[in-house]
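Over in Swiss-Prot, the protein carries these features:
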type	residues	note
BINDING	Cys62, Cys64, Cys69, Cys74	Zn(2+) 1 binding site
BINDING	Cys62, Cys76, Cys105, Cys109	Zn(2+) 2 binding site
BINDING	Cys69, Cys105, Cys111, Cys115	Zn(2+) 3 binding site
BINDING	Lys136, Gly137, Trp138, Tyr179, Arg207, Asn210, His211	S-adenosyl-L-methionine binding site
BINDING	Cys213, Cys274, Cys276, Cys281	Zn(2+) 4 binding site
DOMAIN	60-123	domain 'Pre-SET'
DOMAIN	126-250	domain 'SET'
DOMAIN	270-286	domain 'Post-SET'
Amino acid sequence: MATCEEVPEALKGQLDVARGLENLPVSAWPPGAEPEPFQYTPDHVAGPGADADPSQITFPGCACLKTPCLPGTCSCLRHENNYDDRSCLRDIGSEAKCTEPVFECNVLCQCSERCRNRVVQWGLQFHLQVFKTDHKGWGLRTLDFIPKGRFVCEYAGEVLGISEVQRRVQLQTIHDSNYIIAIREHVYNGQVMETFVDPASIGNIGRFLNHSCEPNLLMIPVRIDSMVPKLALFAARDILPEEELSYDYSGRFLNLMHSEDKERLDNGKLRKPCYCGARSCAAFLPYDSSLYCPTEKPDTSEEGRA
C-alpha cells in the first residue's frame, strides 16, 4: 500500500506543479520558473466525443476476502501476477507483457488495500521535478532512484473521440506541441480498441514527458475501475536521480507493432527534429498520420505528437 513520504527539506516551500493533488509534491526548476497554466488532474476526465466516462466503475470486484489475490482464483488476474513482491511490473519489456492486458484490483474488490495487485492506483511514489531543458522546452526528471519495473506516473488528460482529436490537431501550427496520444490495442477477435488522450489543457505531469528514441520509461495500458485504460509509465531500466524521464511517442520501444500501426507512423511528411541525443536517434519525432482527417492532408501548419 502506498504511503506519502516526507517531503525533503530542499523541496519545502517550492511550487507544487501538481497543486497538492498527488501523493507527493512535484517541484519546478529553476526556482521562480513556472510552466504554462493548465488545469491539473491526476486522473483521466471525459472530454468531447469520449465513448466512455473514465470515472465510472464498470468492472466487478474480486471475491478474495480471506485469501490473497492469485492467478486462477482472483478474477482480476487473468494470466499471472502483474507485479512482484517489490511492486515491480513483472517481465517488463517482454513480448508477453506487451500483449497481455493488465488489470488491477479495484474499489469493488474484497481484497485488502495492501493487495499486491494494487500499484498504479496509489499514484506517485517517487519525487519528480518539472525542469527547463536546453532544446525541448519543459521536461520531467526524477529526484530519486527508480528501480526497473517500478511505476513512475500516468499520462492523464481528457479522453476524446476521434472527431474531436482531428479537430484539435487541425487547429495546431507547426510551432505548437501536440500532446494528444493514440493508444491502439489489438484484441483477440481482430478488432482494435482506440483510446485518445489530450493533457494539453487538462492533464497531469505526464504532459511534460519528452520523447526519446532510447527511453527509460515504457507505457502500459492498465485497467482498474473502467474499460478506459490508465496510461501507466513504468521504469524500463534502473533510473538514477536527476535523470530526465522519457518514453517513445511511437510506441515502438520494447513493443511489437502491427503493420498498419507502423504505416500510420511512417506516412508523415512534415517532421519535427528530435533532440533526444540517443545513439539510435531517428533525427525526427514520430508522426501519427491517423490523427488527421483521412480526406485531408496536413499542410505546413500541422504536425503529429511532438
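Glycine too: its Cβ is placed from the backbone N, Cα and C atoms.
These figures come from a predicted structure and were not determined experimentally.
Listed in chain order, the extra residues whose Cβ falls within 8 Å of the Cβ center of the Zn(2+) 2 site residues Cys62, Cys76, Cys105, Cys109 are Gly61, Cys64, Cys69, Cys74, Ser75, Leu77, Phe103, Glu104, Asn106, Leu108, Gln110, Cys111, Cys115, Asn117.
Close to the recorded Zn(2+) 3 site, the chain also has Cys62, Cys64, Pro68, Cys74, Cys76, Cys109, Ser112, Arg116, Asn117, Arg118: residues not among Cys69, Cys105, Cys111, Cys115 whose Cβ is within 8 Å of the site's Cβ mean position.
In the predicted structure, the domain 'SET' (126-250) carries a mean pLDDT of 95. The Cα of Tyr179 (S-adenosyl-L-methionine binding site) lies closest to that of Cys274, out of the binding-site residues Cys76, Cys105, Cys274.
Of Cys105, Lys136, Trp138, Asn210, all annotated as binding-site residues, the residue with the shortest Cα distance to Cys69 (Zn(2+) 1 binding site) is Cys105.
In sequence order, His211, Ser212, Glu214, Tyr275, Gly277, Ala278, Ser280, Ala282, Ala283 are the residues of the same chain, not among Cys213, Cys274, Cys276, Cys281, whose CB sits within 8 A of the CB centroid for the Zn(2+) 4 site. Residue pair Cys213 (Zn(2+) 4 binding site) / Cys62 (Zn(2+) 1 binding site) shows a Cα separation of 39 Å.
For the domain 'SET' (126-250), residue counts in helix, strand and coil come to 13 helix, 57 strand, 55 coil, using DSSP. Counting every protein chain shown, the number of other Cβ atoms lying within 10 Å of the Cβ of Cys276 (Zn(2+) 4 binding site) is 20. Here the Cα atom of Cys274 (Zn(2+) 4 binding site) is found 45 Å from that of Cys62 (Zn(2+) 1 binding site).
Distance between Cα atoms for Cys281 (Zn(2+) 4 binding site) and Cys76 (Zn(2+) 2 binding site): 39 Å, as a whole number. Residues Lys136, Gly137, Trp138, Tyr179, Arg207, Asn210, His211 are listed as the S-adenosyl-L-methionine binders, and the farthest two of them sit 14 Å apart at their Cα atoms.
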